[in-house]
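Colleague: Provided herewith is a single structure, encoded as structure tokens, for subsequent inquiry.
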Amino acid sequence: MISSTRAHQLRGAKHVVVFTGAGASAESGIPTFRDALTGLWEHFDPAKLATSDAYRDDPALCWGWYEWRRHKVVKAQPNEAHRAIADLAKRVPKLTVVTQNVDDLHERAGSQDVIHLHGSLHSPRCIDCGKAYTLPFTPEALPEDGSRIDPPRCTACHGYVRPGVVWFGEMLPEDAWSAGLAAAEECDVFLSIGTSGVVYPAAELPLRALGHGATVVHINPVRFDISGREHFLQGPASVLMQGLLSEAFGDLSAQ
Ligand code: APR
């Protein structure tokens, strides 16, 4: 049950930050980052695959993994959590969506100006000269469990094309990080949805919000330790986000 306090705080908020992790896309059928990998990838640690070393060691294995993930995103649909987040933007004076996800499901649900801290599967670039590369919208029909795929070559310098995501050990895009940090430090309500909160600096954002007195609410089916000043709504994002909005703003379907 969503507490009326939480709903009241959301209703009266001036600036809400919605901070999402892989759990926000889980109900769209996108495996979370730390879900056990299957098929070709089941013996790999995602944290090892998502590195520039792995890519240089075996470009076809890594590019195949990212194309397999992109294929899942293209076939997926935004879920009720994405839609509730897009709807929330119409009900509060200011909403900033900051995501760790590399899919475009927030945008496809109607959210605008989404801040992607870890890049996007839809913005590959040359690993050598950085030139943007345009991928075919739907990747070739891929085997369900993925396959090795030789990466395309840059049209300018013939270098390998790499995924447009932030790999472990790489800096976050400066403009995305600055915008996410500014929003966390200005907001009065911070909803952290579907993230394990173990990867920094992204995981710093809820702490910054808490630090200046914002109401911080975690939404996750798996309970984890939080400080006494944070709130926890345990359950799936789609159910809890819809519940939070209808508690705060009434029956949404009627409006
Ligand atoms: N609703 C809400 N949360 C969910 C749901 C759901 N339906 N299903 C799973 N979760 C939660 C899990 O309990 C877990 O806490 O989503 C979280 C997903 O955690 P991770 O897989 O660690 O993903 P994330 O937190 O986004 O990882 C952060 O780490 O490796 C990097 O770049 C990668 O962006 C990723 C970042």
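For all residues, glycine too, the Cβ spot is worked out from N, Cα and C.
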Colleague: Can you match one of Ala84, Ala86, Ala179, Ala237 to the NAD(+) site that TrEMBL gives for Gln100, Asn101, Val102, Asp103, Gly194, Thr195, Ser196, Asn220, Pro221, Val222?
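Modeller: Candidate listed by TrEMBL for the same site: Ala237.
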Colleague: Of these binding-site residues, Cys126, Cys129, Cys154, which scores lowest on Cβ atoms within 10 Å?
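Modeller: Counting other Cβ atoms within 10 Å of each of the binding-site residues Cys126, Cys129, Cys154, the minimum falls on Cys129.
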Colleague: Return one of helix, strand or coil for Tyr66 (substrate binding site), based on DSSP.
Modeller: helix
Colleague: Whole-number Å distance between the CA of Ser196 (NAD(+) binding site) and the CA of His118 (active site, proton acceptor)?
Modeller: 15
Colleague: Using DSSP, would you call Ala237 (NAD(+) binding site) helix, strand or coil?
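Modeller: DSSP call for Ala237 (NAD(+) binding site): helix.
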Colleague: Could you work out which of the binding-site residues (Val102, Cys157) has its C-beta surrounded by the smallest number of other C-beta atoms within 10 A?
Modeller: Cys157
Colleague: Just counting, how many other CB atoms are there within 10 A of the CB of Tyr66 (substrate binding site)?
Modeller: 23
